[in-house]
Each structure stands twice: as structure tokens, then as C-alpha cells.
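Colleague: Structure below; questions to follow.
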């Protein structure tokens with residue numbers, strides 16, 4: 001080899017290694033008392049803080065995270081939105097990729113920082129997301145995004161400024177919060193025989209308050225038409241904004257169980273006790289980045305469907321679930337639990353304090369949440385600005401509604417991928433019909449007609465290591481198998497199971513790959529193939545510009561109308577991946593299924609350190 005060639009090789013290796021660096025992180029998980037909304041309870045702290053620390057990496061970094069479990073209960077950590085290509089043992093899902101991390105033990109997760117974008121991490125052991133183990137992840141991209149920013153502004157200075165703003169964004173981890181721990185909360189439902197989902201606060205970056213504006217105010221904040229369309233005439237919410245727990249429309253049925261609403265403790269459904277604490281403050285600097293600021297929102301909610309807006313400020317939505325989308329301008333946007341959004345805001349208003357309104361906009365509860373966006377130097381100013389959302393998440397005018405993002409169906413969700421990325425047209429290679437709903441009790445949820453996914457499913461014998469463990473058993477109804485290199489359609493049907501005709505939304509998340517939502521419609525799925533459905537109902541499908549995400553919302557069924565959705569993906573990441581509802585109560589109640597992608601190319605060379613012992 002010539003001296004010149006040797007020099008080129010050294011330079012190439014240097015730059016490759018300089019970019020793909022190894023990053024080591026340590027997470028120490030502890031359990032102690034805290035009061036993020038001013039009311040004390042026990043919760044999870046990570047490295048002594050709540051929520052968990054934000055992790056910032058560069059695309060293709062080699063990541064090594066050592067998790068020490070210093071609690072008296074099991075834990076795992078799931079890296080939500082990361083594809084875990086060739087590292088399925090680091091997905092963090094008990095029973096699929098690992099055994100739970102027991103008290104006093106540690107686990108080392110190793111994976112590539114991929115794909116770039118806005119993601120998050122959280123506990124995946126039982127319902128412990130309710131207890132506070134969650135934090136933001138930002139993977140800074142290698143590639144040039146000029147084509148993305150030029151859709152917002154053609155000005156070269158703006159384009160450069162937006163790139164800089166996106167490189168160093170503000171992070172807003174939005175969560176819902178209860179006065180009860182996850183174990184206590186679940187026990188309330190099983191003891192009473194009623195699904196209970198009333199909360200106390202919306203937190204932003206671990207800060208919030210308990211608001212008690214009064215029952216009449218909350219009743220007036222109900223979404224227009226909600227009671228008339230979905231509940232008996234005269235239905236009223238409590239002084240916490242919650243619907244009566246024993247409503248048939250809420251609980252479904254009839255079920256062969258005893259309902260004991262008297263076993264619901266005080267202050268769960270009603271008996272609001274206010275507490276003043278503090279809300280998060282986001283300080284922004286209009287003198288930086290030509291007045292542009294990027295904000296990364298993480299919906300770390302367990303039940304709530306979050307809406308957000310900033311008084312007097314429009315924003316450009318440019319990324320969903322770590323995927324860039326062709327930017328669109330809105331004044332408010334709805335996020336389901338599990339999703340991540342990135343927005344770009346121009347700081348072009350009078351310097352001052354502006355309220356960020358972040359309420360629960362779902363039909364589960366009228367619950368407000370707030371933060372403040374403060375122009376640098378205006379910390380002592382009075383609040384200013386025009387509100388786009390009310391306390392309960394209702395648009396303040398018809399114009400606001402027209403300029404808001406609603407993700408429930410094809411005709412309102414036009415956030416197509418950037419750069420263009422579409423699925424194969426026509427038929428997929430495999431189709432799987434999954435019927436979602438409740439079976440046997442208000443808190444029992446299925447993804448496959450009748451099968452309930454246990455919280456300890458395969459915990460001792462994870463399917464990564466024992467992929468055939470469920471064959472010839474009833475538990476095989478909890479497993480789907482696909483072939484590597486195939487296109488797969490997942491057809492989700494809601495509101496057809498007996499007793500569950502009035503179905504609330506489900507926030508469906510697939511590990512290991514993102515999916516395109518190519519179809520959505522009303523009625524019962526009775527087609528022999530997706531291709532047949534496309535031919536009969538072309539208006540209900542989009543294979544040219546469908547959205548690409550890892551978390552999708554199903555429809556809220558009012559009056560027992562059935563709905564279906566079709567999600568398509570390509571199998572190129574063999575491993576055991578959980579597909580589940582991201583509402584913690586629903587997953588705890590059984591709404592999950594294991595998808596063994598690429599069973600014909602199953603990982604054979606699992607590193608020694610991950611082998612079961």
C-alpha cells in the first residue's frame with residue numbers, strides 16, 4: 001500500500017470513529033417520596049431527579065446505558081422509538097427481550113442511536129410508567145435538512161437558524177399524574193369492579209398543580225356534543241371533571257362481576273383538593289437563531305390525550321414520532337399517550353410571558369394543564385397573549401379549530417413523511433386481523449378477540465430466547481409470526497366485541513418498526529383482503545402519502561359504531577416486538593400482543609452477556 005493510500009485510510013477511519021463515538025450513560029432507579037404537583041406520594045426517581053434526565057446523542061453513536069435497580073421492585077427500561085436494529089436484546093420489554101431487572105441488580109443496554117429525531121425512554125414493567133420513570137431522548141441527525149426548513153421559509157438565514165434551533169431544542173415532557181401509585185391505582189379498579197381513570201394533574205417537566213375550578217365550570221368545559229352523543233341525558237362530571245364511574249357507557253358490559261363503587265376511595269372520582277405548586281417555565285431568547293425556537297414534546301401520559309398551544313404563537317409541526325414530516329402550520333395539536341412531536345416557533349410577538357395550555361382533550365376527564373413560555377428578560381412581566389384553547393381543551397373560535405391538528409382519521413391527518421417514503425401498493429404478503437376491546441370485565445382488554453396479555457407473560461423465558469415456547473398452547477393466541485422481507489398489514493377492529501360497543505380511543509404502539517396507516521373506515525371488516533377493501537372503498541385508503549409513525553390513535557366509538565384501521569410495515573428487523581395500547585390501564589388489563597418479526601431469520605448470535613443464566 002502506498003503512503004498516500006495509507007494516509008487516506010487513516011483519515012477515513014478517523015472521521016468514521018469521530019462520528020460514531022461510544023457514549024456511556026448510568027441510570028440509578030430509586031423510590032422515594034416527592035410532590036410534583038404539591039401533594040406528596042411515593043414515586044420513581046432516576047439519578048435523583050424526576051422526570052428522568054434528558055439523553056442527547058448523535059446519530060449512529062454506540063450507546064451503553066447501565067441501569068441500576070435500587071428499588072424494592074422490578075424494573076426495565078424501554079427505548080421508545082429506537083429501532084434496535086440487530087440489538088433486540090436491548091429493547092427493554094420483559095418477557096420478550098429480557099427478564100425484569102430485579103432489586104439490587106443491574107442491566108446494561110447496548111444499541112445504536114437510531115433513527116435520528118425526538119424519542120423517549122420509560123419503564124415497561126407492569127404499570128410503573130404511572131410512577132414516573134420517563135425521560136426525553138434527542139438523537140441529532142447526520143443529514144442535511146435544508147429541504148425541510150425551506151418549506152417553512154426560503155430565507156437562507158432562517159434556514160440556518162432553524163437548523164441550529166432544532167439541534168438544541170427545548171424539551172417538554174408532558175405527563176398525567178395521580179395521587180396514587182400504580183399498584184394502588186390498579187387495585188382500585190380490581191377491588192371496585194370498575195375501570196377507574198380519574199387523574200389529578202397534568203405535569204410539564206415534572207411540575208404542575210391541582211386545580212379545582214368548580215363543578216359548574218368543568219361541566220361547561222365539556223366538549224360540545226359529548227354528553228348528547230355518548231352519555232345519558234343529564235350526565236354531569238364531578239368536581240374533578242370525571243364522569244360517574246358506574247356509567248354503562250364508560251364501563252361496558254353487562255359483565256358477570258360485582259360492581260362495588262363504594263370501594264373507590266375518597267378523592268379518586270370526586271372531592272377535589274387544590275394545591276398551589278409551580279408550573280414549568282420555558283425561557284426563550286428571540287435574539288438567538290433569528291428568533292426561531294424548536295420544542296420537543298413527549299406525551300409521557302398514561303391515560304390522557306394531550307393538546308398543546310402557546311398563546312398568540314403559531315407553530316410549524318415538523319416531526320412526529322422521530323419521523324420528519326412536511327411541515328404544516330397550526331395553533332394547537334393533539335397528541336396521544338406515547339407520541340412525540342417537534343415544532344418550530346417564530347418568536348415574533350411582543351416580548352413577555354405567554355401561557356402554554358396543555359390540557360387533557362380526551363373524553364376521559366376535563367383536566368387543565370399549564371406552563372409558561374417567557375421571552376428572556378421578561379420574567380417579571382405580566383402574562384399576555386391570545387388563548388387558542390380553553391381550560392378543557394376546546395378551541396376558542398372556529399378559526400382555531402380549522403387551524404388545529406387532529407390525528408384521528410385520514411381526512412384530518414395530512415402529515416406525510418419528509419423526504420417522501422411510502423409503502424408498497426396493492427396487497428401485502430401477510431394480513432392479520434386484530435379485534436380490540438373488553439372481555440369479561442371493564443378493566444380486561446384484548447387485542448385478539450379474547451386473549452389477555454398477562455403482565456408477567458414469558459418473564460422467566462423471554463421469547464427472544466424461546467421463540468417457540470407458546471406453540472401448541474393457548475398462549476399462542478398472544479403471538480403473531482411474520483417472515484423476514486415480507487410486507488405485513490395489521491387490521492385493527494374496534495367496537496365489535498359483546499359489551500364493548502362504546503369504545504374509547506386506543507393509542508397503539510409497535511416496538512421494532514414504524515408503520516404506515518394506509519386505511520381507516522367505519523363498520524365491520526368483512527373483506528377477504530386489504531386489496532379488496534381498497535377496490536370497494538378507495539376513499540378510505542391512502543397509499544401515496546400516508547403517515548409513518550410508531551404510535552397511532554384509533555377512533556372513539558360513539559353509539560356503538562364500529563371502526564377499523566389498517567397499518568402496513570416491512571419486516572427487516574427480526575426479533576420479538578410488543579404491539580400494545582399505550583394507555584397503562586389497557587396494557588395492564590391485557591391489551592398487547594407479541595409480534596415475532598422475521599422468524600425465518602431469527603437472531604442466532606446473542607452476545608454472551610445477554611444469555612440467560
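Each Cβ is built from the backbone N, Cα and C atoms, and glycine gets one as well.
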Colleague: Of 277, 432, 511, which one shares the Cu cation 3 site with 124, 580 in Swiss-Prot?
Modeller: 511
Colleague: Out of 506, 582, 586, which does Swiss-Prot tie to the same Cu cation 2 site as 80, 122?
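Modeller: For Cu cation 2, Swiss-Prot names 80, 122; of 506, 582, 586, the listed one is 582.
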Colleague: Would you mind sorting out which of 122, 256, 444, 484 (the recorded positions) have a C-alpha within 10 A of the one on residue 586 (Cu cation 4 binding site)?
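Modeller: Taking 122, 256, 444, 484 one by one, the ones whose Cα falls within 10 Å of residue 586 (Cu cation 4 binding site) are 444.
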Colleague: Over the domain 'Plastocyanin-like 2' (171-359), what is the model's mean pLDDT?
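Modeller: Value for the domain 'Plastocyanin-like 2' (171-359), mean pLDDT as a whole number: 95.
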Colleague: Out of 80, 124, 506, 509, which of these binding-site residues is nearest residue 444 (N-linked glycosylation site) by C-alpha distance?
Modeller: 506
Colleague: How many Å lie between the Cα of residue 581 (Cu cation 4 binding site) and the Cα of residue 509 (Cu cation 1 binding site)?
Modeller: 6
Colleague: Counting by DSSP secondary structure, give me helix, strand and coil numbers for the domain 'Plastocyanin-like 3' (468-598).
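Modeller: DSSP classes over the domain 'Plastocyanin-like 3' (468-598) add up to 20 helix, 50 strand, 61 coil.
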Colleague: Might you list, by sequence position, any residue in that chain lying six or more from residue 511 (Cu cation 3 binding site) with a Cβ less than 8 Å away from its Cβ?
Modeller: 78, 84, 91, 93, 550, 577, 578, 579
Colleague: Near the Cu cation 2 site, what residues other than 80, 122, 582 in the same chain have a C-beta no further than 8 Å from the centroid of the listed C-beta atoms?
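Modeller: Nearby residues not in the site list: 78, 120, 121, 124, 129, 134, 300, 337, 338, 509.
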Colleague: Could you round the CA separation between residue 122 (Cu cation 2 binding site) and residue 509 (Cu cation 1 binding site) to a whole angstrom and send it over?
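Modeller: So the alpha carbons of residue 122 (Cu cation 2 binding site) and residue 509 (Cu cation 1 binding site) sit roughly 13 Å from each other.
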